[in-house]
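Asks: Take this structure, written in structure tokens, and hold onto it; I'll ask about it next.
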Amino acid sequence: MTGPLRKNHPLFSIINNSLIDLPSPSNLSIWWNFGSLLGLCLIIQILTGLFLAMHYTSDVSLAFSSVSHICRDVNYGWLLRNIHANTASFFFLCLYFHIGRGIYYGSYVNNETWNIGVILLLLTMLTAFVGYVLPWGQMSFWGATVITNLISAVPYIGSSIVQWVWGGFSVDNATLTRFFAFHFLFPFIIAALSIIHLFFLHQTGSNNPTGIESKFDKTPFHTYFSTKDITGFIILFMLLSSIVLLSPNLLNDPENFNPANPLVTPIHIQPEWYFLFAYAILRSIPNKLGGVVALLASILVLFLVPFLHTSNNQANTFRPASQSLFWLLTSVFIILTWLGSQPVEDPFILLGQISSIAYFALFFLAFPLASELENKLIF
């Protein structure tokens, strides 16, 4: 057998075709780095999570103490815990950039890749939610109580489902144990789905910043884009290590340094920053079921993006009206994130309702209408 081993070996050839000799568009920008950064974040989370799980105890009377024990007594336990907690924030930051790039450059036209990506987003959000409950601090306990209690809004069977999820009549030991089991299991499902995500991506080939077919302008992934990805890794490590070593609790809620107490409700219950946009949409509707539907719709709307694409151009690169709307959507997303961290009082209630309407109106009305207008002006 002649030729390099990486091309002839049954296992190495798969890796070679995915990471080394993969034909890639020659004009990919930095916005295509976030997929590999997400893979890196997932690996960091699985490794640090594995070592944390060795010392963690999923019992309501011991969970908070076990996290304290990890930080105080385990060799570099403080570092593991801080890396795990802060990489979650970087994970979601990269995830939102990745989705934003997909919307801006029209990557959603590859339906299978996009749909699996949205499923990955939902699974990652679920994993982060159950993980946030594990330290069993005040915000962990009350966050779990409030968010799981939303299921009771489902007509007729809601209350039964909530008790089934809790494993009892309140958030207690059974809830913590099963949440730990889910938090351990889901990252491996995410890893498996990520491979399928890549498989579908490599069936169609990557999109590029122009949104124009690039079959005749390809370049090998290695060394050009692998070097570019490693540059992204170095920048991520620098930012992550700066936060982990200089200000590890910058993104944490101070309330979570108090052990869970079912008798004392925190003044302001809120999730981590990466869920605040959806939380703001939930709170903006003065009806429990309506709020839950809006909360789910704020994420599930991504499934509809390919069907709402009416433009003759794939990317927004040559579509100024759609570009303006995209940056308006980004602004609305940031405003919703800020509103989610504010108390439920005027003027934040009204601002939340306006921003929520704007969020959905951009997806369902503004983008399709702007695309139709651009079609008439350009073609």
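Going from the start of the chain as shown, residues are counted 1 onward.
Yeah, the Cβs are placed from backbone N, Cα and C, and that goes for glycine too.
For reference, Swiss-Prot lists these features for the protein:
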type     : residues      : note
BINDING  : HIS84, HIS183 : heme b b562 binding site
BINDING  : HIS98, HIS197 : heme b b566 binding site
BINDING  : HIS202        : ubiquinone binding site
TRANSMEM : 34-54         : transmembrane segment
TRANSMEM : 78-99         : transmembrane segment
TRANSMEM : 114-134       : transmembrane segment
TRANSMEM : 179-199       : transmembrane segment
TRANSMEM : 227-247       : transmembrane segment
TRANSMEM : 289-309       : transmembrane segment
TRANSMEM : 321-341       : transmembrane segment
TRANSMEM : 348-369       : transmembrane segment
Asks: With a 10 Å radius around each C-beta, find which of these binding-site residues (HIS84, HIS183, HIS197, HIS202) has the fewest other C-beta atoms nearby.
Replies: HIS202
Asks: As a test: from 34-54, 78-99, 114-134, 179-199, 348-369, pick the stretch that has the greatest number of Cβ pairs under 8 Å with the transmembrane segment (321-341).
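Replies: Between the candidates 34-54, 78-99, 114-134, 179-199, 348-369, the best contact partner of the transmembrane segment (321-341) is 348-369.
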Asks: How many Å lie between the Cα of the residue listed as 'ubiquinone binding site' and the Cα of HIS98 (heme b b566 binding site)?
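Replies: A Cα-Cα distance of 17 Å.
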Asks: Grab the same-chain neighbours of the transmembrane segment (114-134) for me: Cβ-Cβ under 8 Å, and only residues 6 or more beyond its ends, written as numbers and ranges.
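Replies: Hits for the transmembrane segment (114-134): 56, 58, 63, 67, 88, 91-92, 95, 98-99, 102, 107-108, 140-141, 143-144, 147, 175-176, 179-180, 182-183, 186-187, 189-190, 193-194, 196-197, 200, 271-272, 274-275, 299-300, 302-303, 305-306.
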Asks: Assess whether the transmembrane segment (179-199) lies in contact with the transmembrane segment (34-54), where contact requires at least three Cβ pairs under 8 Å among residues 6 or more apart in sequence.
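Replies: With 3 or more qualifying Cβ pairs, these stretches touch.
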Asks: Quickly jot the same-chain residues contacting the transmembrane segment (227-247) by Cβ under 8 Å, restricted to those at least six beyond its ends, or write none.
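Replies: Distal contacts: 28, 30, 33-34, 36-37, 40-41, 79, 82-83, 86-87, 90, 94.
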Asks: CB neighbours of HIS98 (heme b b566 binding site) within 10 A?
Replies: 20
Asks: Does the transmembrane segment (289-309) reach the transmembrane segment (34-54), going by 3 or more CB pairs under 8 Å (6 or more apart in sequence)?
Replies: no
Asks: Going along the chain, which residues at least six beyond the ends of the transmembrane segment (348-369) come within the CB cut-off of under 8 Å?
Replies: 280-281, 283-285, 294, 297-298, 301, 304-305, 308-310, 322, 325, 328-329, 332-333, 335-336, 339, 342
Asks: Any idea what the Cα distance is from HIS84 (heme b b562 binding site) over to HIS98 (heme b b566 binding site), rounded to a whole Å?
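Replies: Distance between the two Cα atoms comes out at 21 Å.
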Asks: About how far apart, in whole Å, are the alpha carbons (Cα) of HIS197 (heme b b566 binding site) and HIS183 (heme b b562 binding site)?
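Replies: That separation, Cα to Cα, works out to 21 Å.
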Asks: What does the structure give for the C-alpha distance between HIS98 (heme b b566 binding site) and HIS183 (heme b b562 binding site)? Integer Å is fine.
Replies: 23
